[in-house]
């Protein structure tokens, strides 16, 4: 056999197998998505998301404290308003007495070193469940949508968020948010993480159960990206980088590893994030329950594939597990 044919000696030992990766998984790579509801004492199981709950502000310490001790470094907050009055412009999104702003302040007080990102969208707070403001015919009204999204992002920054992460997919919202942050004195203090390539995926079902954010009519295919649209995703990534995004995100992850790779190539000087979404998490659990594979082994395989593709930050419901496993 030719010398050049022999590769297995290079990964014969468990340690040398680790060296074959360009980047190893670390605890700091994982950001934990947390659902915050307006019932301050809530701890409500989400049936379609194994092991995940909606949390009230008063329960955050007993929930987050042990994770911080295990090495949790970052979270991203999603508001789940159940008792507020919703309207066409998502007025409750930045209510100072609402769950998100209260949670930001609570976590900043309890854990000064914990990095707090906040999802910025209107779908949980509008009476129609869409991610922006609408024309009378039910289509997206882009300009006021962008203005409202930027307003909410700035108010989260004022409340103490380290990072604002718009997931709405409105055209031009990154530039508007960046300008809003700069004008409010947060341009050099708050990170702007853009859901740049967010696809209209079938994998969001458990999240929508958790957040109560399904649209009351139609779908989101006119603003989220078509699953086959690789070129459009590239254009969106370049646009958001040029408009001032500090981090580029791809969502979902596993079906879109090529897009993660594209993002790393197109914006090599930006951190690349990916969201291992609720449906991906639920599928891995379902497969493990069915005996298809071992849960931990598959969780590692999926996360390592994202890092291999170019991601350095993974938003994942597996975060508490990886704090144990790593």
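Using the three backbone atoms N, Cα and C, a Cβ is placed for every residue, glycine included.
Unlike curated records, TrEMBL annotations are generated automatically.
Cβ contacts within 10 Å of residue 198 (active site, schiff-base intermediate with substrate), excluding its own Cβ and spanning all protein chains shown: 26. According to TrEMBL, the active site, schiff-base intermediate with substrate annotation covers 198 (among others).
For 251 (among others), the entry in TrEMBL reads active site, schiff-base intermediate with substrate.
All protein chains considered, the CB of residue 121 (Zn(2+) binding site) has 25 other CB atoms within 10 Å. Per TrEMBL, Zn(2+) binding site is recorded for 121, 123, 131.
Taken from TrEMBL, the feature 5-aminolevulinate 1 binding site covers 208, 220.
Around the Cβ of residue 278 (5-aminolevulinate 2 binding site), 24 further Cβ atoms fall within 10 Å across all displayed protein chains. Residues or ranges marked as 5-aminolevulinate 2 binding site in TrEMBL: 278, 317.
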Which recorded positions (121, 131, 251, 278) fall within 10 Å of residue 198 (active site, schiff-base intermediate with substrate) by Cα distance? 251
Using a 10 Å radius on the Cβ of residue 131 (Zn(2+) binding site), the other Cβ atoms enclosed count 27
Just to be sure I understand the packing, how many Cβ atoms besides its own are within 10 Å of the Cβ of residue 123 (Zn(2+) binding site)? 22
Compared by Cα position, which of the recorded positions 251, 278, 317 is the closest one to residue 131 (Zn(2+) binding site)? 251
Using a 10 Å radius on the Cβ of residue 317 (5-aminolevulinate 2 binding site), the other Cβ atoms enclosed count 26
